Amino acid sequence: MSISAKYNPADVEDKWYAYWLKHNFFHSEPDEREPYTIVIPPPNVTGVLHMGHMLNNTIQDVLTRKARMEGKNACWVPGTDHASIATEARVVAMLKEKGIEKSSLSREQFLDYAMDWKDKYGGIILEQLKKLGASCDWARTRFTMEPEMSAQVIKVFVDLYQKGYIYRGIRMVNWDPQGKTALSDDEVIYKETPAKLYHIRYQIEGTTDEWITIATVRPETILGDTAICVHPDDARYQHLHGRRALIPLINRPIPIITDGYVEREFGTGALKVTPAHDPNDYELGLKHNLEVLDILNDDGTLNEKAEIYVGQDRFVVRKKIAKELEEKEYLVKTEDYKSNVGHSERTNAVIEPKISLQWFLKMDTVTIPALENVLNDTVQLHPPKFKNMYRSWMENVRDWCISRQLWWGQQIPAYYISGSREFVVAETAEEALQLARQKTGNNQLQLADLQQDPDVLDTWFSSWLWPISVFNGILEPDNKDVNYYYPTNDLVTAPEILFFWVARMIIAGYEYRGERPFKNVYLTGIVRDKQGRKMSKSLGNSPDPLELMVKYGADGVRTGMLFSSPAGNDLLYDEKLSEQGRNFNNKIWNAFRLIKGWEVDSSKRGEANAVAIAWFRNRFAQALQELEENFAGFRISDALQTVYKLAWDDFCSWYLEMIKPPFGEAIDGATYEATLGFMEDLMKVLHPFMPFITEEIWQNLKERQEGESLCVSAWPKADQFNAGLLTDATVAFEVVQNVRNLRNSRGMSPKDALQLIIRTERPQLYRDWDGVVRKLANLSDLQFGDKPEGAISMVIGPDELSIPLAGSIDAAAEKESLLKELEYTRGFLDSVEKKLGNERFVNNAKPEVVEAERKKKADAEARIKALEESLSALSA
RNA sequence: GGGAGCAUAGCUCAGCUGGUUCAGAGCACCUGCCUUACAAGCAGGGGGUCACAGGUUCGAAUCCUGUUGCUCCCA
C-alpha cells in the first residue's frame, strides 16, 4: 500500500463522520452507566459558524469524546435558539425586500413567514458543526420554539406568576423607536458621538430678570422637565431653593429641588430633571416624588404632552427648538461635547430611555440558592476568578424585564378582560376564560372577550430552562431522561453571557429541579485577531471557519484553536496556529507511514530495543498522568500540549529513531507489536483533540471489523511509572545531544561516526543505554576510561565525556569553557552550602526540601570534581 | 465614581500549596542539513533584572503594601 507523504484531510473527514453517524456512536439512551452530559449553548438561528463557535464547540467535543472513551454514557445535546429580536429583524428585512410590510400582516401570517425562514436557514450552523467533527447526539436536537419547548416556557411563566414572582410594572427601558420594542441592556451598543451641550436659561417664576441656566445635550426634552435640581451646598443657587422656574417656550412652572447627586462642576451645576426620558432622572424623580411626563410616542415623535412640535420627530425637533430658543434669547451658549449614545444592536436606531409598562420577574429571592451554590463551589466556575464578577452581579441584581414587543417568541400567557383593567394568567385561553369568569363573576364571558397580551417573552426566559427543557423536565418532571441526564456535567460558554444566561440557568435549576444544572462552567475567552480586536463581520477580520477547515483540515483547526486558549483568556487568533495544527497532523501521519512501511521479520531478535520500549511505556504512563491532571483542572490547552509533546518529541523524535531499523532491513516482531500498541494508545489520547486523523490511522493500524471505532474504544488506564528509568533516559539523551552539538559546532556531518570515552562511576546506566546512545549519536565505539590524548571533553553531571578528534583541538577554548562551567558550579555550590549552613533553613524548611538541597550539594561536588579533573588533564 | 483582573523571551501564554523538575512552552529568530517517515521536515543554538518601588521570610516571578500602565464589569 502506498500512503501519501502528505496527510490529506479531505480524503477522510466526511467518510468517518458518516461512519460515526451510521453506527449511532453519538446517540445516548439512559442505561446503567454513569452519564456524562453537556448541553450546547444553543446558537442563534440567524447565526453562521464563527470562530467563537469553533473554539467553544471544539472544547465541548474534546470533553465529550474523552468521556465517551472513558466508558461513560456521553450525551451532548445540540440545538438552536430562536433569538427573538435578531430573527424578527432578519425576517422583517427579508419581507421588506419582497415589498411586504410587517404591519400589513397578521401575527399568524408573520409567524408563518418566520418559521419558513427558520426552517430554511436555522439549521445551517448545526450542519457546519458536523464539519468540525462535533459528536452531538443529533437525534436529540432541540429548538427553543418548538411546541414542547414553548409549552415549558409558558408553564414556568404561569407558575412564577402564581408564586408572585412575576408582576407588571412601570420601568425605564431601552426603547428602540424603529423596532418599536424594549431592548435589554446587552442589546444596546454605546458609541461615542459628537454632540452639543446647550446652555438654556429658565426664568424664575415671579421675577422679570432672574434666571437659572441648565446644560443639556437634548434640548427637545425640556418639554418633559418636571424639576431643576441643584446641589444643596452650591452657593450659586442657595437663594433659589424652593422657588420655581418656567420652562422656556411653554412657560410651565417646575420646582427647583436640591440633591447631593448633582455634580457641581458639570455644566452649570443646575440639572434639568426629565424623569420620563432619562434613567438617572427617573431615579431622582422617584426619590423626590416628581411627576413623570412622557412627551414621546413609540415611534420617536413628540406627543401632545409636549404642547409644541407635536407629531414631529425627536431629532427634527432638536434642531428646531434650538433655533427657536436662540431666537427668543433663552439659549445662552452651546459647546461641543462628546456623549455616549446608545444604539440598537439590531436596527441601529438611537435608543430612547422610555417609561413603559412591562412584565418583570422579581429577582431578590430566586437568586439566593444560585448565589450561594456558586460561592461554595457546588457549581464551579473555571477559571474561578469569575466568581467575583458573578457575586457582584447577583448581589446587585435588578428585577428582570422579561417582555419584548415582538411576535417571534413565546407569547405572554396573560389575558386582558374586555371592558375592564383586569387580566388573568393561564397556560391556555380556555383556562384563562375559566379564571376570568371566576374573577369577574361573569359567566357570560366568552373567549372573544379575552385579549392575550401581544408581547413575547425575552429569549433568555426560554433558554434559562435549556438544561431542563431539552429533557422535557418541566412538563414531565419525573421522566427517565431528565432523571438520568440532569444535572449535566459541564457547560462551555463565553464569560459575556455569564449573567444573562449561566446565572439564570442556575436560578431556574434550583427553582425547578432543586439542584444545580451543571457541575462545571468552563468559560472560554473571546477570539480576537492578531491585533487584539474582536472578530466581527463589520471589521472583516474573521476568517471563514469552513474555508479554514478546507485549508488545514478540521483536526488542524481544532488543535490550532486549542494551542493558545487558556480558560477565560482571550485568544489572539493567528492562521499560523492552524498551520501548526496541520503540521502536527502531518507529523503523526508520517509516523504512521513509517510504521506501516516496515517489513516485519518475526524470527529476528529484538533485545536491543527492550530499553527503548520500556522507556516509552513509562514515559507514556507519566504523560497520561499529567494529561489526566490537566483535564481534571480544565486546562485543555495544557492537555493538548502534553499529548503534542508526547507524540512529537518523545514518540517521533526519540522512540522511533531508537527502534527504526536501517533502511532496507526488517523490524523484529516484538518491537513491531510494541510499537503498534504505542501508536494505538497515542491515537486514543489524541482522539478527543483530532478525531478524524486518529480514526483513519486507528482503522488502518490493525485489522478492524465493521462497527468498530476509535471513538468508542477504551481510554488508556493510568499506570504507575518507573521514575528512575525516566531520569536515566534523560542522562542518555543529554549525552546524545552533547555529541550532536559537538558535531554541529565544529561543522561536522552527522554521518561522521565518533568514538566516545566516558569516565563515570555509574557505568551500568551507560551500558543499559549503550545501543541507543551509539545509534542516535552515531558512535563507532563507546568505552569507559580517562580522557585520551588529543580528545575533546565535556562534563555531564559527574561524568566526563571524551571524544578523540583528529586534527586541531583548540585547547585554550576548551579550557575557557570548562573554567566558565567550573566557576558557575562553584557559585551554585556556594549558595547551596550557605543554605545548608543556615540553621534556620535546616530547622524551618520541609525535610524533603532540605534533602533536595543535600542532593544538589552532592551533585555539584561531583561535577566540580569532574571538571577539575578534566582541566588538570588539559593542562598536563 | 465603585469593583475585579492582568503586567514573565520579539509574539501568545504556562508557572497549581513560597525552595534548580524555577526562570519554562509554542511560535518567531540564527546556524547547518533535500540524512530513504515527514522541508508541513531533521539536528543544534541564541534570547528574559519575571512592570516599578518597598516590605514579610533563612529563601520571593510566586505572599503583602504602594506606584505606573492596560483590560473588563457595574454606575
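Every residue, even glycine, has its Cβ placed from backbone N, Cα and C.
Keep in mind it's a predicted model, so treat the numbers as computed, not measured.
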Practice item. Scan A:43-53, A:142-152, A:813-823 against TrEMBL and say which stretch is down as motif ''HIGH' region'. Key: A:43-53
Practice item. Would you mind telling me which of A:69-73, A:264-268, A:274-278, A:534-538 TrEMBL tags as motif ''KMSKS' region'? Key: A:534-538
Exercise for review: For the motif ''HIGH' region' (A:43-53), find every same-chain residue at least 6 residues outside the stretch whose CB is under 8 Å from a CB in it, and list them.
Suggested key: 80-83, 86-87, 90, 118, 121-122, 124-126, 128-129, 132, 143, 494, 524, 526-527, 535, 542-543, 545-546, 561, 573
Study note, to complete from the structure: Reduced to three DSSP states, the domain 'Valyl-tRNA synthetase tRNA-binding arm' (A:810-874) has 61 helix, 0 strand, 4 coil
Review point. Quick one: mean pLDDT on the domain 'Valyl-tRNA synthetase tRNA-binding arm' (A:810-874)?
Key: 80
